[in-house]
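These features come from Swiss-Prot:
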REGION    1-315  region 'Disordered'
COMPBIAS  15-44  compositional bias 'Polar residues'
COMPBIAS  61-75  compositional bias 'Low complexity'
COMPBIAS  78-89  compositional bias 'Basic and acidic residues'
COMPBIAS  90-100  compositional bias 'Polar residues'
COMPBIAS  101-126  compositional bias 'Basic and acidic residues'
MOD_RES   Thr178  phosphothreonine
COMPBIAS  237-247  compositional bias 'Pro residues'
COMPBIAS  266-281  compositional bias 'Low complexity'
COILED    369-470  coiled coil
REGION    398-429  region 'Disordered'
REGION    454-543  region 'Disordered'
COMPBIAS  505-515  compositional bias 'Basic residues'
COMPBIAS  516-526  compositional bias 'Basic and acidic residues'
DOMAIN    603-728  domain 'DBINO'
REGION    673-702  region 'Disordered'
COMPBIAS  729-756  compositional bias 'Basic and acidic residues'
REGION    729-761  region 'Disordered'
DOMAIN    853-1025  domain 'Helicase ATP-binding'
BINDING   Asp866, Glu867, Met868, Gly869, Leu870, Gly871, Lys872, Thr873  ATP binding site
MOTIF     976-979  motif 'DEAQ box'
DOMAIN    1426-1586  domain 'Helicase C-terminal'
REGION    1610-1707  region 'Disordered'
COMPBIAS  1643-1656  compositional bias 'Basic and acidic residues'
Amino acid sequence: MSTSSSNIPYDVGSPRQQSQTEIRSILNPSTTSTGAHPSFNQYHPPTAAPPLIPSHIPLQSTTPSTLGLSLGTPLYQSERDIGYPRDQKPTSNYYDPTSDSSERRPATAESKWSDREAKTSQRRDSYPYQQNQPPAPSTDGPMNLYNGGYKSPVNSHFPPGSPISHAHPQGRVPPLVTQSPRMPAMESPISRHNGLGGGPELQDKPVIKQEPVPASTPSRPVDPMAFSSILSSAAPEPTPKPQPTPTPIVSKPRKASRQPIPTLKPEPSSAPSSRQSSVAPAPQPPTSRVPAKRKANGETKPTPKPKPFTKDQERDIVILMSKLDGEPEDSDVEFAEEKRLYQTRSLKRKLEVEKIETSKTKQRRTDFTNKMAKRLEKHAKAGEERYREVEGDAAISKVQADEIQTEKERKKDMQRKRRREKTVQNNMEQKEIALAKAQAAQDDQERHKFLRDAQRAEKKAQQTKQILARGDKGPEIRAVSPMEPNMQGGSMSTFTAVDPDSTKKPKRGGARPRKSKEQKQAEKDSAAAAQEAIDKGESPALMPIRDAAEFKDMKPLPSKEGVTKIKLKFKAPAEPVEVKEESPSAPVDQHNTKMYHVVYDQIWKDLARKEVPKVFKLAVDSYSIRASNLKKTAILASKEAKRWQLRTNKGTKDLQARAKRVMREMMSFWKRNEREERDTRRAAEKQEIENAKKAEADREANRQKRKLNFLISQTELYSHFIGKKIKTDEVERSTDHPDVAVPDKADHAKPDHGDLPEGTAPAKVTNFEDLDFDAEDESVLKAAAMANAQNAIQEAQNKARAFNKKDDAPAMDDEGEMNFQNPAGMGDVDIEQPKMLQAQLKEYQLKGLNWLVNLYEQGINGILADEMGLGKTVQSISVMAYLAEKHGIWGPFLVVAPASTLHNWQQEITKFVPRLKVLPYWGTAADRKVLRKFWDRKHITYTEDAPFHVLVTSYQLVVSDVAYFQKMKWQYMILDEAQAIKSSQSSRWKSLLGFHCRNRLLLTGTPIQNNMQELWALLHFIMPSLFDSHDEFSEWFSKDIESHAQSNTKLNEDQLKRLHMILKPFMLRRVKKHVQKELGDKIEEDIFCDLTYRQRAYYSNLRNQISIMDLIEKATIGDDNDTGTLMNLVMQFRKVCNHPDLFERAETTSPLSFSYFAEAGSFLREGSNVTVAYSARNMIEYSLPRLIWREGGRLDLPGHDNEHAGVKAKCLESLFNVWKPENIVDSAKEDGAFSWLRFTNTSVQELSTASRKDVFARAVDLVKRPQTLGRLNIVYDEEEDKNYTPVHSMLQIVNRKDRKPLAEVTNEGYLNKLFNVAKDVWGQSGMSRMEQCGRPSATAPPIEVTCSSRGAVIERQKILFNVPMRRALFGPSPVEEKALITSKVSPLFYPPKPMLPLPTSEKQRFTNIKVPSMRRFVTDSGKLAKLDSLLTKLKEGGHRVLLYFQMTRMIDLMEEYLTYRNYKYLRLDGSTKLEDRRDTVHDFQTRPEIFIFLLSTRAGGLGINLTSADTVIFYDSDWNPTIDSQAMDRAHRLGQTRQVTVYRMITRGTIEERIRKRALQKEEVQKVVMTGGAGGGVDFNTRSKENRTKDIAMWLVDDEEAAEIERKEAEQLRYEAENPTASKKGKGKGKKGKEGGGGSLEDLYHEGEGHFDDGSNRPSGTATPIAVDASKKKGSSSRKSGGGGRSKKAKTAKERLAMADGDVDMA
């Protein structure tokens, strides 16, 4: 180890260099002046250690500079190899306490506060406490020569230990400068071995003052291990030859963060440093800049310099030393003993050093090997990269070329394989053909020939199959054993010794040579001639013997696979060949050269290898052919030889068999002939019958056509007469917007009725049944239709007059004009708005009022079919106001509306016409009985003072109280939402038709919902005399327009035009875009969603459970029972599309609780505040009797029977307690045992109190205690004051270094992140929000000890519910925090923060209960995920949403989602009570903070004004598109000023798409019928009820399966056409099944349309119980008891829907 100037330790904090003389004075005892011991005690053994220096380390020079610079902290490896400039001043960012201007002087004995030892100077290193150091050796022991002063050169650097055990370590020589904070200081092992580490304070003898020695003189001999060096004095020896100092090695510059290590530069001793370490005593103490601070820290003046010895003292010392030298008798013995011990120690040290050096050598070799390996690895990688750059493209191209070649070979193999497969197929076909010919052949020879051909073809096919199975085998891959690792070095390489392609197997012999056509033909001719000769009995011409002898000597060997061998024998020539010898004198022939012989030999080899196998193959084939021919000849010869044996009685038997066969064939022929004749005759008869039926059907069709034409003409005439007076078309056209109105087409011509009379019909009125449509002429039918139409008008007017006729004469006004109650023509008088109406009617509403008044004047009923939202209610109220104001007709008026709109009718009548008295007729039976007292009078005259004018009720109550309503005579009956009476077979329709009323007005926004039959029901209701229940008219409405639209488009268009003209006089319809200019647009948008993984799994499972064949069967021949089954499947599929949680909810789960809980009593008695007690107890209980648990059984529980219970506490905690305040004070005064209290900022009382508390209480006290010491880092932030610590807190090192105040000062920004790195990283990692991977399978409270004692219960409660402990862990409650704030308590008195740390998991927190994830709840449904993103955008845009659903359970799930997203919402469905609906709608209209309104499409789609919303979302569409239109018009109606956007959620590729397509078709039907346009492109094919099942089956299948269903249906229709009897039987069965079956698709479409106030099975609480007669009850009960009848409870879906709609009698 070199001790050159480059290895000098440097001071990272000292501002200036120390002089070399000062260093020498500090470290070299020989150059130190005599005096008292310094204040530090550096340990070193008294005897220097021998120089056990390794051989590779040069000896150090013993110059004073070397001695001074060799001691100190060993440098890092990087520091040993780096040289630095000598005059560079070190700079560093670390604080050096030795460079403080207020230098602390060494403490003296007078400055200590204890008499035991002097206080050492306080050093402030980078660590706040001293490092681990060995204790000071004891000088009293006998063997103190070697007591641990030696340390291993391989010194471990451990982090500093705890400051508790080393609060005041023994002094040691501090390092010359403060070391780098990265590693603790370590002494140089070389200097310690050489005895250079001892200080003057470790010398046992007093140091005698000596003269200073020159710098070139060493302080010891060169060899410190010499015996003379041990016994010699400290006198200087002769100067040895100086060793050359190695040149400092200057390495490359390091990073900027490491400052260069400067070389200590000697300075003149006259310029002492102003900032020196307190370790080195300065000759002149400098004046401190801050004396007050040093005084506060307990520092005193330095010790005065000791006086030198006098001459007398020196003389006495010399005398004593001479006396000692004169007694040498024991010196040799002591020397020998010391030498032996020294040699023992030296040997031990040598072995240790060798062991260490050996390990270091291995480590260096390993490091060098790794270094070289890394270096070579870099070269290898560089070479690989270079190779890739140079050869990479070529290698890639070669690989690509090989791949292309391999692909070509593969394609060739595939082609070869296909050709072979084709060959096999052709051979098998030839075999089949040959077998067929053999079966068909009459001759045995031909049959055998074909059989041989079949065998030959089969053999070829088998051979080809074998070749296909064997395939083309490539070269075999040899198994190469893996190479063993090379442990000897050198390079290794492998190569293939033999090329696998070089030893190929010999190829198979080629095929036999192809024959020419002439040869083949000659062979065929010879074979045919041989066959003819054989047939004639002659012997065929065989091959000559001489031809067979050619191959006599050729013997083929058995051939094995892959081996071809031939033996050839050549006959010797008959005559010897004379060989002429060449003359030696002849010239050299050119064929006698070596090349010639090589070529000659090669030719023979080629002949032997190639040509000989071919010849052998030809020979073998020829031999096989010859043997086959011989075999055939032998067979034929044997047959000819046995021909005489065939002459037997076989011919007679064959003749009899032939005769029997002919007889059977003749009999079958005549039977077949007779059957064909009979079938032909029957077919002719059947054709005649069919022709007759067809002619009859044509006649009936013509008759029905004329009958229908008569009915339509009659209706058209009636409409024409009424239209002239009502002028509905003018009313509609006058209110059309010119920009959007549809212009009249020229071809949309009205029927030409000519000049029709206005008065009474001159012709005779003919009943419909009396007309003969076969004999009558068209003119006669037209005249009868005109007469009937005029008669119908006259009957309507007479009926109106009869209703208004009273007992007295009709009232006339003063001018004698006719009263309005007497119907008459009013001409073109325009009616003004009534003054009673407190509202301003719009133009189109005033036109509607004129139209309604004209209807009333003519005594004709009508349908006001304005689009929803145009004010049909206001127009109806204005009619009643007009009648009351102009003509004094104050009622009674009857308004029947759905239950959801009753409040709306009452409010609007009261609001617009306050003078009209409204009687709300709903409630319980008792309430309605009281209400009937106001109007149940026979001769009441309704004037302005009448008890009521308008009665408002619902459809259900009209049906239930029909007996009371029929007693009244109603002036005007208004039916709101008239589609409720669309069924003419329901009891509701029949009951309302039987009311006595002058006029009926139907209000509906959708007159056509599902089919034309509904429109027919409405027309029949308003004009029973004209639109009566003729089957033909009903047939025309329901079938001709719908079913024949596809087949007869022209007829369909004509009928639609005529239908539109018929409807014109009775129905007034305006559309929003035509009449309401200020109404915003309505935009409809379909949002397609995809199924999630969970939904697809559910959907696939449902599809897999459906049998497609069953669907096809049900779709073709099924009835309504099958419809119910299919509808159940449809509902399941719709549930999957909405949300999979409709099938199975993700439940809240928790581990098994191995405990039981107390049962709670009734909460009804507890009031609003319920006390929930802790009652969880383990299933395992440890029961103890009271005698053991409370009465003397426990040793720690004091009592009258346990006198020894408090002995331990009394002795240990009271008598022997060293923490008592008195003991602490006395100990501090006497021996100073508690003297450290003054440096810990702790009082005696605090220490005594802490000793009596447990760990938790002490932790609480620490939290409450203010931590102000760490704030000094903020106050004292200068460099020189950075480590300032008050004296009273000197030992509170951790609190002084606390960084929390710095973090509290910076609450935000990057500095805050730096102080909270762990917290910031944890938060960004997302670990706290991750789902838990596992959880315990079971939990249980701790096992408790049970005892029948109140004291045991109290003790357990105190343990479990410790209030102070809970308050410390959880902090104050929110109520207490609020009280502290409201009371304005100072923050100093606030309770401490909660001590319980935050949970690691933000989701799970401290519990194991797992709640279903709402995020997964959203993402499990494709619809809900789309809706989530859509609602976020709508919320940001300030929109308000109406959200419609079909399923109540889906609304429940949506409520959970809205709660999760914190959206405010309201809900209205069928279960909402009637009185709550008004308040709910009012809240949504008046409170803008409500974002979403959840509605049921059936319950919330009628009679509600929700114009405050501008967005409508259909989560799932209704079966009936009209219901959706009514629902969206709740927002898009009169009063809406914003644009309304309608979103419809549809799941792609599911049943919802097919339902939506069907709904669009129905909407198109409505548009065509209402507008009267062309309907050629409209699908009117709504199937009949008998085959309605097909529509549902089509929803459940895909396109291919739908095509299969269509095909099966076509086959069924063809079968029914061919077998009419079977089809009639099937229809009968279907009809019977229909009567007992469930609901059909039609019922599904109409589901809930009439029961508007109830969208679910739960009653709303407002319905009235229906009274049933006793006789009916009795009859029903008897039927039930007999088993033949059904209970009153609806069993099928159809019955339930009918009851809900009121279509059937409740009895």
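Counting starts with 1 at the first residue shown.
Glycine is treated like the rest: Cβ placed from N, Cα and C.
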Q | Listed in sequence order, residues not in Asp866, Glu867, Met868, Gly869, Leu870, Gly871, Lys872, Thr873 with Cβ within 8 Å of the centre of the ATP site Cβ atoms | A | Gly1005, Arg1533, Leu1534
Q: Could you say whether, by DSSP, Lys872 (ATP binding site) belongs to a helix, a strand or a coil region?
A: helix
Q.
Going by a 10 angstroms cut-off between Cβ atoms, which of the binding-site residues Met868, Leu870 has the sparsest surroundings?
A. Met868
Q. When the motif 'DEAQ box' (976-979) is classified with DSSP, how many of its residues are helical, how many are strand and how many are coil?
A. 2 helix, 1 strand, 1 coil
Q: Quickly jot the same-chain residues contacting the compositional bias 'Basic and acidic residues' (516-526) by Cβ under 8 Å, restricted to those at least six beyond its ends, or write none.
A: none
Q. Looking only at Cβ atoms, how many others are within 10 Å of the one on Gly871 (ATP binding site)?
A. 22
Q. How does the region 'Disordered' (673-702) divide up by DSSP, counting helix, then strand, then coil residues?
A. 30 helix, 0 strand, 0 coil
Q) If you draw a 10 Å sphere around the Cβ of Lys872 (ATP binding site), how many other Cβ atoms fall inside it, taking every protein chain shown into account? A) 25
